[in-house]
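Now, the feature entries from TrEMBL:
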- 27-39: compositional bias 'Basic and acidic residues' (COMPBIAS)
- 43-52: compositional bias 'Polar residues' (COMPBIAS)
- 22-57: region 'Disordered' (REGION)
- 118-136: transmembrane segment (TRANSMEM)
- 148-166: transmembrane segment (TRANSMEM)
- 210-228: transmembrane segment (TRANSMEM)
- 248-267: transmembrane segment (TRANSMEM)
- 329-348: transmembrane segment (TRANSMEM)
- 354-374: transmembrane segment (TRANSMEM)
- 386-404: transmembrane segment (TRANSMEM)
- 424-446: transmembrane segment (TRANSMEM)
Amino acid sequence: LGPIDWFYGVCFLLPAPPRPELPIRQTTEKKSCRQDTAHRSLSKPNLFSYNPKTPHDARKEHRTLSLTMVYVRQDRLPALKEYKYSGVDHSLTSKYILKPFYTNVVINIFPMSMAPNLITLTGFMFVVANVLTLLWYNPTLDQDCPSWVYYSWAIGLFLYQTFDAVDGSQARRTHQSGPLGELFDHGVDALNTSLEVLIFAASQNMGQSWMTVGVLFSSLLTFYVQTWDEYHTKTLTLGIVNGPVEGVLILVGVYALTGYMGGASFWQQSLLRTFGVSEKLGIPEPLYELSFTQWYMVQGALVLVFNTVESARNVIKARRARGDRSRGALLGLLPFFGMWVLIVSYLLLHPAILRSHLVPFVMFAGVVNAYSVGQMITAHLVKLDFPYWNVLGLPLAFGVADALGPKLQESFGFGWPSALGDDVYQVAFMFLMLGMAIGVYGSFVVDVIVTICDYLDIWCLTIKHPWVEGRDGEGSAQVNGKKSQ
């Protein structure tokens, strides 16, 4: 069998999404023209209960909504109207520095007619611009760039953080707070996480190596655990020192300092020697020679373990307070670690992907994680069961199984031939996985956004029902474009 035959075979085995249930056509008793005319002549119009929608329009609207609902079923949509944001930010930097800056300066820049989600999307475009600069000047993640490139990365990330923080203030100011805003915000943050890993790796000259994979693992796990925590506790909790605030500011400083020092090579020298620590203090040579980047990896690993354990404690405590089983919630971490078993296995079996095509593979892993996070947020908003299944693991599992056959044949005498090999077909398959991930995640985003917008009668990137102070009252709040009763 050739590669095309294997590909069609895998596509045939992929499960198709469930078809939405269409409304059953109701049969009505036929009337003669004379009976129908007599009925219209005797009936009097009610001017006070006029409905501009005809039965045909209502059926058409219901059919359109049913056709778009693939990821969220119609019986779950009423939970959207019960939505109430719950978040706690213990960051001192955010409380005493950033929030006053956002409230007194930044928020006044945006007009009242600008939708909060549009602010979030605009901020994400700065990160996209940074990635495009990265791909032009340092696609292999191991070359020094002009100083202005690093400065632009610092400015772009700071603007992204600012826009991402201000969208909530804009939502409250325009009375447009709602579940779509939380979903949109988390989705953009999830995509930014993997892209920022590439930018940081380039700022450290990590190259296409296992060190970059390690940074990707810690970043995606942090975001996954934070969303998993919010799903079970119903509250987004940020600690005194957290990633969205202090973590981003540290990266901004690292990018700016890299530009000031003339390139990423600065971070490859020994940290202790740079700060003048003597070798005569008896420090072991491997520890003394650790570079800035390696010390960052050690610090990041410690913070990762602490945050994961703390989130697990929060989840267990919250579930026990509600009378639920606490240990069952920990199973929600298995999909992430299961996916990463496949990711590490794939890279071990295909070292050429690791050495030469890690950038698109990081994007693939980022989209896979964004899809899992998006499913969790959607389940949190409409009160669904925890989503354990991620269909994007299937092509990755096929890539691992395809490469594992020849290894088993070589070691144990039984196995199967590889359909893809290690050359151009394997690279093409990796890009095929990336395209499939973008397609599945894109269909998920469009379907959920259209479903929520149709049900709540709102628009995503523009304000459909502007709040007017005199008309809607001083103390009234509009949630999702409608006044709360």
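The backbone N, Cα and C atoms fix where each Cβ goes, glycine too.
TrEMBL: automatically predicted annotations, no manual curation.
When each of the listed stretches 148-166, 210-228, 248-267, 329-348, 354-374 is scored by C-beta pairs under 8 angstroms to the transmembrane segment (118-136), 148-166 comes out highest. Contact counts against the transmembrane segment (354-374), taken as Cβ pairs under 8 Å, peak for 210-228 among the stretches 148-166, 210-228, 386-404. Sequence-distant neighbours of the transmembrane segment (424-446) (same chain, 6+ residues past either end, Cβ-Cβ under 8 Å): 3, 7, 70-71, 187, 350, 352-353, 357, 360-361, 363-364, 367-368, 370-371, 374-375, 391-392, 395-396, 399. Long-range contacts of the transmembrane segment (329-348) within the same chain, counting only residues at least 6 positions beyond its ends with a Cβ under 8 Å from a Cβ of the stretch, are 213, 217, 220-221, 224-225, 228, 231-232, 312, 315-316, 319, 354, 361, 365, 368-369, 372, 386-390, 393, 396-397, 399-400, 403-404.
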